[in-house]
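Each remark here refers to the structure printed beneath this line.
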Amino acid sequence: MPSLHWFRRDLRLADNPALLAAVEEARVADDEVVPLFVVDPALWRAAGAPRLAYLARSLRALDEALDGRLVVRHGAASSVLPAVAREVGAPSVHVTAATEPYGRRRDEAVERALDVPLVRTGSPYAVAPGRLTTQAGTPFQVFTPFRGAWLDHGWSVPARRPQRVPWADVPSDGVPDEPGTDVDLPAAGERAAHARWAAYVQDGLAEYGTLRNRPDLDGTSMLSIPLKYGELHPRTLLADLTQAPFDTATFRSELAWREFHADVLWHHPCAARRSLRAVVPEDSWDDGDASFAAWAEGRTGYPFVDAGMRQLRALGWMHNRVRMVVASFLVKDLHVRWQRGAQHFMDWLVDGDVPQNQLNWQWVAGTGRDAAPYFRVFNPVTQGERFDPDGAYVREWVPELRGIPGRAVHQPWRLGLEAPEDYPAPIVDHAVERKVALDDFHRGRDA
Ligand SMILES: Cc1cc2nc3c(=O)[nH]c(=O)nc-3n(C[C@H](O)[C@H](O)[C@H](O)COP(=O)(O)OP(=O)(O)OC[C@H]3O[C@@H](n4cnc5c(N)ncnc54)[C@H](O)[C@@H]3O)c2cc1C
């Protein structure tokens with residue numbers, strides 16, 4: 001009997017224990033492996049064009065690595081999986097476990113619809129969400145003790161890449177066409193991801209601790225995209241970190257944040273939509289469209305914010321420091337609910353990922369587990385001056401401001417008559433809105 005591996009967020013051959021389990025099952029049966037990907041029209045319609053375009057490219061790369069044998073089928077997973085399992089006569093369906101709310105629900109539905117077992121092996125994380133608890137047996141609420149338990153628990157070594165696999169020749173609908181997008185996407189696929197990581201280990205990782213907060217310098221790995229699609233597994237990165245001849249604890253700690261957010265969402269699936277705690281009264285929010293549109297289009301008049309929002313539209317990616325600043329600006333200067341900003345990010349980010357996106361938004365909004373306190377309001381000017389000290393990042397993404405040298409670019413309104421006419425004045429006064437946010441916070445606390 002051929003074995004069946006259903007690819008989802010594990011679009012790779014190396015270090016993929018679920019795929020290895022399918023290959024082993026086929027070896028024992030002396031049969032072939034069917035590599036399947038399901039295009040669910042409901043999901044396909046819901047995702048932003050940058051993510052879909054990247055996914056289509058990643059699937060093409062996977063198909064190539066599978067000697068053109070990737071089987072793509074369209075339809076709801078709970079219909080497609082039983083049909084394919086029957087068609088090929090598979091004794092089980094192998095998957096990497098889904099851990100976020102949608103994937104868990106979908107897999108439960110598939111499991112009910114199948115008449116063979118759904119075999120889950122591994123997860124997209126080094127330590128599966130839900131595995132770690134405090135000594136009292138409760139979920140972790142705070143990052144630092146979580147990271148300690150995560151390090152103590154450890155993870156297995158990367159799984160070997162299966163060799164000479166007899167991929168089955170089964171009819172496929174073909175990889176879907178990618179939607180049009182103006183976003184400048186990075187190279188997709190497992191091979192490109194490994195090349196990116198190898199180059200970063202060689203040229204960037206040693207400086208990560210000092211440069212990671214500088215959006216004007218190419219100081220971070222940009223691996224959030226391959227990690228999101230499972231073109232690389234974090235276990236592979238963690239194994240390589242131990243080989244580096246310099247300190248890699250800061251980079252490892254960022255991977256731990258990724259695991260912490262997945263763990264929080266595992267225990268609190270509602271966090272994908274709702275604040276884990278309310279911090280301001282409901283009447284604090286502005287549900288209008290004008291300021292939201294200015295933020296989304298990068299026209300707030302705050303150069304550091306606008307540079308980030310335009311980088312997002314150009315690359316489908318934004319530097320982490322700037323993500324924090326633009327998110328804080330939306331929630332605390334414009335008083336817009338974090339959920340609207342999170343949805344905009346999901347529409348544009350190529351690495352848009354429910355656990356990381358929603359929980360980071362909740363962190364900035366002060367509503368999450370171990371979140372930044374609500375009264376911490378990022379100052380969009382001083383953040384720019386500190387992390388983009390010469391203004392190069394702003395000038396790269398906001399062409400109207402290219403004529404302003406140095407850090408003066410962070411406050412064009414100070415230039416008086418010399419300020420560029422085609423760049424907007426600030427849509428709000430940060431000092432005033434910060435006070436409004438703090439007053440809202442105090443009202444919420446006293447209520
Ligand atoms: C409002 C907001 C929304 C975000 N939305 C997403 C999202 O949808 N998808 C996503 O992958 N990340 C998200 N992040 C986290 C972070 O900004 C990105 O992971 C990071 O910018 C990716 O760039 P990089 O790979 O160069 O990171 P690096 O600095 O090179 O970090 C290495 C890896 O560590 C992980 N990491 C780093 N910072 C964080 C963090 N704050 N939280 C969780 N993991 C982290 C990522 O997997 C990243 O690839 C968000 C952050 C904020 C503040």
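Cβ atoms are placed via backbone N, Cα and C, with glycine included.
The FAD binding site annotation in TrEMBL covers Tyr208, Thr220, Ser221, Met222, Leu223, Ser224, Phe251, Asp351, Gly352, Asp353. Sequence annotations record features per position, and here TrEMBL assigns domain 'Photolyase/cryptochrome alpha/beta' to 1-129. Residues or ranges marked as site 'Electron transfer via tryptophanyl radical' in TrEMBL: Trp285, Trp338, Trp361.
The structure, with features from TrEMBL marked on it.
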residue	record	Cβ within 10 Å
Tyr208	FAD binding site	19
Ser221	FAD binding site	21
Leu223	FAD binding site	20
Phe251	FAD binding site	23
Trp285	site 'Electron transfer via tryptophanyl radical'	16
Trp338	site 'Electron transfer via tryptophanyl radical'	22
Gly352	FAD binding site	23
Trp361	site 'Electron transfer via tryptophanyl radical'	26
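In the set Tyr208, Ser221, Leu223, Phe251, Trp285, Gly352, none of the recorded positions has a C-alpha within 10 Å of the C-alpha of Trp361 (site 'Electron transfer via tryptophanyl radical'). In the three-state DSSP assignment, the secondary structure recorded for Ser221 (FAD binding site) is coil. DSSP classifies Trp285 (site 'Electron transfer via tryptophanyl radical') as coil under the three-state reduction. In this structure, Ser221 are the recorded positions from Tyr208, Ser221, Trp285, Trp338 whose C-beta falls under 6 Å of some atom of ligand 1.
Confidence over the domain 'Photolyase/cryptochrome alpha/beta' (1-129), given as mean pLDDT on the 0 to 100 scale, stands at 96. If you compare Cα positions, Trp285 (site 'Electron transfer via tryptophanyl radical') sits closest to Gly352 out of the binding-site residues Tyr208, Ser221, Leu223, Phe251, Gly352.
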